[in-house]
Each structure stands twice: as C-alpha cells, then as structure tokens.
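A short worksheet on the structure shown next.
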Amino acid sequence: MGWSEVSRIVPCCLCLAALLTSVSSADFGDLFQPYWAADHIVAMDGEPLKLTLDNTSGCGFESKKKYLFGQTSMQIKLVEGDSAGTVTAFYMSSDGPNHNELDFEFLGNVTGEPYLVQTNVYVNGTGNREQRHSLWFDPIADFHTYSILWNRYHIRFLVDGVPIRMFANKEAAGVLYPKDQAMGVYASVWNADDWATQGGRVKTNWSHAPFVTAFRGFQIDACEAEEEAAGGCVGGGVFWWDAPAMSGLSSHQRRQLRWVQRRHLVYDYCKDRPRFHEMPGECLS
C-alpha cells in the first residue's frame with residue numbers, strides 16, 4: 001500500500017480522534033512551564049514557542065501536572081539546515097531512578113540528510129527499547145503533529161494520526177508495563193553529538209547555532225493524577241482511552257502501521273540479536 005492510500009485513511013482517524021477527545025489546543029502557559037534554561041525559550045503572543053540550543057545550553061519545558069493514562073500531542077517544526085548532533089525531544093516521564101518514560105527523540109542530521117525519529121519505552125528505570133523511523137515528509141518544512149497515547153492496553157506513538165509504533169501490555173507473559181507511576185509531559189532541545197548523528201561520527205557545528213525548534217498545538221487529554229495517590233485520578237470516572245474500542249488498532253490503523261513498518265522502520269531493538277544476550281520478553285511473546 002502506498003502513501004496515497006494511507007493518506008486517505010488519515011482524515012477518518014483524525015475525525016474519530018477529535019470526537020473522542022473533544023479537546024482544542026491550549027496556550028502554552030495553561031499547561032506548561034520552563035524547567036531548564038528559560039532564557040533559551042522564546043514565547044511571543046500569537047507565535048509558536050521556540051526552544052533554542054547554543055554552545056552554552058539547551059532548554060526545556062514541562063507540564064504543570066502529572067497524568068496517569070491518556071493522550072498528549074504537540075505540533076513540532078524541527079531545526080532547519082545543519083542539525084547534526086542535536087536532539088529535539090517530546091516525552092512523558094515519571095520521577096526517580098526507577099522511572100517510567102515514553103520518548104519521541106528527533107535526531108538531527110547534516111543538511112540534506114533526513115531526520116530519524118527514535119522512540120523508546122522505559123519501565124522501572126530500564127529502557128533499551130529503541131525503534132528508529134524515517135519520515136514520509138520533510139519535518140523542517142512545516143509543523144506536524146506527534147502524539148503519545150498511553151492506556152492500560154498499550155502505548156501508541158503517532159505521527160499526524162498515523163501509528164508508527166505500538167508497545168503492548170504483556171504483563172500476562174511476565175513483561176513489565178508502565179501503569180502505576182504518573183508521568184509529566186516534557187519537551188527539550190539539547191546537544192547529543194556523542195551518539196545522535198551517524199553514531200556520533202558527525203558532531204555539532206556550533207557556527208550554525210542557535211539551533212531552533214518550534215512548538216505549537218499543545219494538547220493534553222489525560223487523567224490528572226492525584227497528588228498523594230499515583231493510582232488515582234482527580235474526579236475519577238470513565239475515560240475514552242479505557243473504552244474496549246481502544247484496546248487495539250482499527251483495521252485502517254493496522255494497515256497504516258504495516259505500511260510504516262515496511263517503508264520507514266530502519267531499526268528495531270527486537271531484531272537486534274547481536275545486541276542482546278537474551279532478547280527482551282516483549283520481543284518473544
């Protein structure tokens with residue numbers, strides 16, 4: 001199936017998502033606050049938020065609250081030109097050494113070479129569950145929507161509503177799953193030239209600084225965690241992401257995911273047998 005066919009599916013999925021969430025984009029200050037190098041964050045009324053990286057610092061922002069299941073989305077326009085060595089991150093994370101974390105990391109490259117999008121899942125402080133994808137569009141030319149959906153059934157990573165990765169809850173097979181730690185929502189831009197571009201062979205060229213990533217379209221439709229009870233939500237209730245229909249992908253979404261895996265998956269830890277003495281349990285079951 002080619003992208004033309006996939007693209008015909010996307011509007012239907014986006015309409016369904018809109019009906020389910022009934023959430024419009026919020027202003028940055030309603031949901032987020034700087035947590036690192038606020039002087040490198042440029043916020044102007046009516047303009048996208050800009051995170052800048054130079055040879056003195058990167059920067060980042062965090063949600064004011066923490067959440068237990070739900071969906072968060074941001075529209076991101078990545079660093080233009082020579083972005084080698086830089087990483088733009090959009091992720092969810094809990095606190096502490098045994099934290100849970102769900103990552104989008106956008107790995108910069110030299111001018112003319114494509115970005116790679118790395119996703120990762122940490123459970124109880126352990127990650128090493130990377131997948132890397134190319135994209136079917138130019139992520140520096142315009143804004144695109146990146147989303148993380150997290151429920152009791154699985155974790156979905158989505159790009160413009162298209163699922164690029166599913167991490168299923170396989171607790172029945174003895175595989176740990178992030179379910180009992182509330183997570184905040186974060187974004188940052190930082191220097192990672194020891195590994196980010198071509199395995200660290202290409203370093204950041206600081207003569208091209210500042211490196212700027214733009215953000216807009218902030219959405220969080222998630223269960224706000226009780227401050228004193230990681231397992232509870234403010235107000236309780238039944239949420240759309242817990243519905244039986246959200247236990248898996250629709251047939252349209254499954255076709256989209258297969259298309260992405262066939263055309264754009266460039267690395268999958270579950271297929272990297274030289275790396276693991278024993279393959280992770282979720283890769284086997």
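Any Cβ shown, glycine's included, is placed from N, Cα and C.
Copied over from TrEMBL, here are the features:
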- 1-25: signal peptide (SIGNAL)
- 26-215: domain 'GH16' (DOMAIN)
- GLU101: active site, nucleophile (ACT_SITE)
- GLU105: active site, proton donor (ACT_SITE)
- ASN109: N-linked glycosylation site (CARBOHYD)
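Here the features listed in TrEMBL are painted onto the structure.
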residue : record                      : contacts (Cβ under 8 Å, 6+ apart)
GLU101  : active site, nucleophile    : TYR91, MET92, SER93, SER94, ASN120, VAL121, TYR122, GLY127, MET183
GLU105  : active site, proton donor   : VAL87, THR88, ALA89, TYR91, VAL117, GLN118, THR119, ASN120
ASN109  : N-linked glycosylation site : SER83, ALA84, TYR115, LEU116, THR197, GLN198, VAL202
The mean pLDDT across the domain 'GH16' (26-215) is 97
